[in-house]
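S.K.: As listed in TrEMBL for this protein:
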ACT_SITE  Asp308  active site, charge relay system
ACT_SITE  His384  active site, charge relay system
ACT_SITE  Ser749  active site, charge relay system
DOMAIN    21-136  domain 'BAH'
REGION    189-214  region 'Disordered'
Amino acid sequence: MEKTRPGKGEVDSYTIRGTNKVVKAGDCVLMRPSESNSAPYVARVEKIEVDNRNNVNVRVRWYYRPEESVGGRRQFHGAKELFLSDHYDIQSAHTIEGKCTVHTFKNYTRLGNVKPEDYYCRFEYKPASGAFLPDRVAVYCKCELPYNPDDLMIQCEECKDWYHPACVDMTIEQAKQLDRFVCSEHTSEEDGQKPLNTPLNIPPANGKAKPKRQRNTASEAWSLWYKLFGVKKDTRASQLHSIKEQCLIKKEKELSSTGTVGVKLVEKDRGAKLMTSYSPQFLGLPSVWTQQGGDKNAGEGIVIGFVDSGINPVHPSFAFDPLNPFTASNISHFSGACEGGPLFPDISCNGKIISARFFSAGAQAAATLNPNVDIQSPYDAVGHGSHVASTAAGNFGVPVVVDGFFFGRASGMAPRARIAVYKAIYPTVGTLTDVLAAIDQAVLDGVDILTLSVGPDAPPEDTLTFLGAFDIFLLSAHKAGVFVVQAVGNQGPGPYTVVSYSPWAVGVAACNTDRTYPGTLILGNGQKIGGIGLSGPSFGNGLVQYKLMLAKDAIKVNGTFPRTPQYVEECQYPEALDPTVVHGSVVICTFSSGFYNGTSNLTAIIETAKFLGFMGFMLIANPSYGDFIAEPIPFSVPGIMIPRTSDAQIISQYYEQQTQRDDQGVVIRYSGRAAIGEGRIASYMERAPVVSRFSSRGPDYIDQKRNPADVLKPDILAPGHQIWAAWSPMSVLNPILSGYSFALISGTSMATPHIAGIAALIKQNNPLWSPSMIASAMSTTATNHDNRGEPIMAEGFAAYTLYRAAPFGFGAGLVDPIRALDPGLVFSTGYEDYLNFLCSLPNTDPEKIRIATGGTCAASFSTSSDLNQPSVTITALSGMRMTQRVVKNVASKPETYLCALLPPKGVTVKVDPPWFTLAPEETQTLEIRFVVNQVLDDFSFGEIVLTGSLNHIIRMPVSVLPISL
């Protein structure tokens, strides 16, 4: 059947058994499934080979169906949709049943006739991590569901937007009868026009309306990008806040057609989303507090603004201390207000909380809010805003007690700083409209630091990332002297995933600390298995052991429940288990399809354990699904997670050895024993910092096409993994934390307030410093080595894997507050410099810059890499390039600096002058020359180090992509 000589080697083709169909490398094929009642597997043939026995094998790359992926099949997945995986395999060619065609999404939507062998693919998929590429998909209609080509849609003749019939109060049959359709926004009864939503006199010939098959250009221009597994975004806000300089957020078509006067910037509303007892010690902050008069004075006179989900005003982290009252004189620059409401009386603004406002016009226009959770006051029903605020500025030494256990004392980075709350995110929805209104009000109120652990979850449409409404508002804040700190996002570890774009805002990446909470499972044979679980031990503290049983062996034999993994293996439903068997036992629950696709959860296991009286439980890894990522979560019953399959196999082997079964496989005797050890005692032995897997990575980019920009993002690294801080007992988005006043959670949202608090300490120490000087002080003094003296590592896609990190993961490095207070030199950048930067971007329209900023392009840099940042990033280096940096001595004494170079691969670097001496307040211009000596297909990294005679060390990360000699 193959068309080459017999024997081992690669062959050109293979003829499918019983047919005349020929398969070649690159063809897509249908392969026999392992179960006869399943649909055939789909794969792409990479290579065809014959072994020494003339057996024909094919190397294939598998396609996954949506239901086989993390998250499972969603409403927007078509019946013929497939994901191209990075899963390769060797199969016998005899398992090929037929050929098929896997189209691109665009080609498939244009097919006039979809045949049984037609499929389409719009995503690549990594089964090991659950990651997708791209991780976004165009969405349509006011329901914001991504387009499913199987669904009928109708198009508005005016705005060209597409709608599902049900979303415009119409049945499918009614939609099929339409002659024309105009959406409600463009239907006018006042102008005397005949209504356009009228039925045809003659129905379609085949009695059916064709589903939408091709995207309209106008519709494409207004489509949003929706993160595949993210929160829903808002496109329907109509009630708008009046904000500074009359910058309204409306549809471009409305404004251009009406000639609205005073409109400065137009952008479609996008969604906005929410992006510690030990980290002060990890970062060395007690030494910093001592320099500033101790913890009772650290941050005094500084107001930190938080745009987030609100605050829990009764939390001790925000309590007023009558023994150490605040004085009004040192915050005379600030003028806020206290907007009371449900769960937030006026007395909530107690001096520590100096101001509290809420913004909900966008949310109310976007969705029907639930008054029980979408509380119309600054009160935090989620917990996120309270966590962020207390991490930056929570009171010193607040006891952290969860489930009656004392975990230590929590302190904010700047425990004496004041808190100004700007609630703009609600459990039901968050809109960019509300976030921008909150930012604007914070600047008008006069905050010193603005903390944004929230923000857009995708770049703006039809404009540069730096010119989107969100970033222009941040530029205005910077112009007003506000230090802006922003989370880079939680879409890592893939490249080009940061959502902090602009050089005038500090983008923060997340890392761990050296603290962990190790749990222990003790088996009857004395073996101890390490795991994760923030819970107390089983009764007897590990000395008393209990019957060990597998949930699968304890199900009710005659139960009427479905035999799905959620019932049988994952301990999600107490009615599935025999209470007489599991009571007083340690039960093994198995990570299976429910946890894999997100339909199962730990809360259900805990409720099952309580209801049936487990002595303890464990959730163990399943070899069919591989290792899983486990984070310590407070368990109200003894429990532990065993996330590695190698450990799970040890447990399974012990269990089977100790369990006696009859001929039918039914257990007749349980001899295995186990106990849950203490899991709430911290260990401080971990390698740190390590860039967290979720932390978004650079390079920074200029537009939706991910064209890289000459800006280093992230800017800096801070602890954001397993951070203890204040919480809201309502916890409406995280039921497992309901009732708790503290939470141990992770995210770049948790890293961001660390930088905000440290910035407050620097501002207190240097009140005349500009935002760029504060950012420079943190950047140039950061460290790029870990607690073992080795280069910082980063977590990869696969569980428990590390690789050497780069500036696109950690920016300048881990923040060092002690050195940042006395940096020696700083790089200062002003508003005009940022305008010059914008004007120097490639293919920039000066008129758009003028409209967005009010400034002109009278001057610009030679290239955007000339912006005076404490780093150098060049995204397309050809031949030779010269750039400049200007440093200023902010120390109290003259100092001589010597320049050292660690050039990136493929580039030679020279700095002139190689040494210099500066008196206090003097500046020095550095000429930096880059010459390509090797062309590379990816960025390479190095650094410029300035070492001072008084022991100041200034590090400048260098990131270069050399593209031609």
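The backbone N, Cα and C atoms fix where each Cβ goes, glycine too.
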S.K.: So for Asp308 (active site, charge relay system), how many other CB atoms are inside 10 Å of its CB?
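M.R.: The Cβ of Asp308 (active site, charge relay system) has 30 Cβ neighbours within 10 Å.
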S.K.: Please count the residues of the domain 'BAH' (21-136) that DSSP assigns to helix (H, G, I), strand (E, B) and coil.
M.R.: 11 helix, 60 strand, 45 coil
S.K.: Report, as a single number, how many Cβ atoms besides its own are within 10 Å of the Cβ of Ser749 (active site, charge relay system).
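M.R.: Within a 10 Å radius of the Cβ of Ser749 (active site, charge relay system) lie 29 other Cβ atoms.
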S.K.: Across the whole of the domain 'BAH' (21-136), what does the mean pLDDT come to? Round it, please.
M.R.: 87
S.K.: To the nearest whole angstrom, state the Cα distance for the pair Ser749 (active site, charge relay system) and His384 (active site, charge relay system).
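M.R.: Cα to Cα, Ser749 (active site, charge relay system) and His384 (active site, charge relay system) are separated by 8 Å.
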S.K.: Write down the Cα-Cα distance for His384 (active site, charge relay system) and Asp308 (active site, charge relay system), rounded and given in Å.
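M.R.: So the Cα of His384 (active site, charge relay system) lies 7 Å away from that of Asp308 (active site, charge relay system).
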